[in-house]
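Data first, discussion second: the structure below is written as structure tokens.
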Amino acid sequence: MFKQDQLHRFLFENYSVRGELVLASETYQHILENHDYPQPVQQLLGELLVATSLLTATLKFDGDITVQIQGDGPVKLAVINGNHQQQMRGVARIDGLVPENSSLKQMVGTGYMVITITPTHGERYQGVVALEGETLADCLDDYFRQSEQLPTRLFIRTGIQDGRIAAGGMLLQILPAAEQGSAEAFDHLVQLTATIKGEELFSLEVKEILHRLYHEEDVILYEPQAVEFRCTCSRQRCADTLVTLSDEDVNHILQKDGNIDMACEYCGTHYIFDADDLAAIRTEKKNRFH
Ligand SMILES: [Zn+2]
């Protein structure tokens, strides 16, 4: 049965623990479109997508989260960017060969995970953690242990469902006002949640999944939120980047190619600027600053 990409929030009635469950397969397929990523990189992007979706859903304000992996291995960068409306995009930059079944360490080498939280109104927060875990989920556990945040666990699954690539996951988090004894309850719920299988996440109804995992618990399930692929690139944003380049560089490209072709690396959209466009952009820039 076809399941739409959705994020669900839920609450354990008898414990100070909240949860999230996301299915993001269609969004994942969009992110991989127009790219020819090796299989391990596809999987990494799927895991990052699920993590970013689950993390953005923990925000208590409007804004966006970028989860980015960077290192000195063949995968220089893998990044997913998402916002509170669950609009997601992502890209990977590869330089070199990524063998089949590469581990995270083989792909990224010595690297870091950088989580950037940008509120629409307010100050940007950035957390950095060395990539020491075997998997992305391990690295996220390190991140939550090292930063002074609420105890949080993520469960990420990627795979194939009905012949198409699929991704989903779950999150558990202790509530800020948790009473004593919540830690044991949390550990118990973590053990239960860890048994979730990819095929269950990809194909079963949410109520069925929650019943299978927590049949002895009272769980309140809230209204779901749609998850979708959406790129935030625009011609204006490209123009804003162009004015930061030197006139010399811009003129050089114009003379060589006749126009400037800026392609969005996230969605593949091309924005073409010719000499007239550039003149207009420069005039506008002057008017803006004088
Ligand atoms: Zn784009």
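For all residues, glycine too, the Cβ spot is worked out from N, Cα and C.
Keep in mind that TrEMBL annotations are predicted by a computer and have not been checked by a curator.
A disulfide bond in TrEMBL ties Cys267 to one cysteine from Cys238, Cys264, and that cysteine is Cys264. Take the candidates Cys233, Cys238; TrEMBL pairs Cys231 in a disulfide bond with Cys233. In this structure, the C-alpha atom of Cys231 (disulfide bond) lies 6 angstrom from that of Cys267 (disulfide bond). Across the structure, Cys267 (disulfide bond) and Cys233 (disulfide bond) are spaced 8 Å apart at their Cα atoms. Under 8 Å, Cβ to Cβ, and six or more positions away along its own chain, Cys233 (disulfide bond) finds Cys264, Tyr266, Cys267, Thr269, Tyr271.
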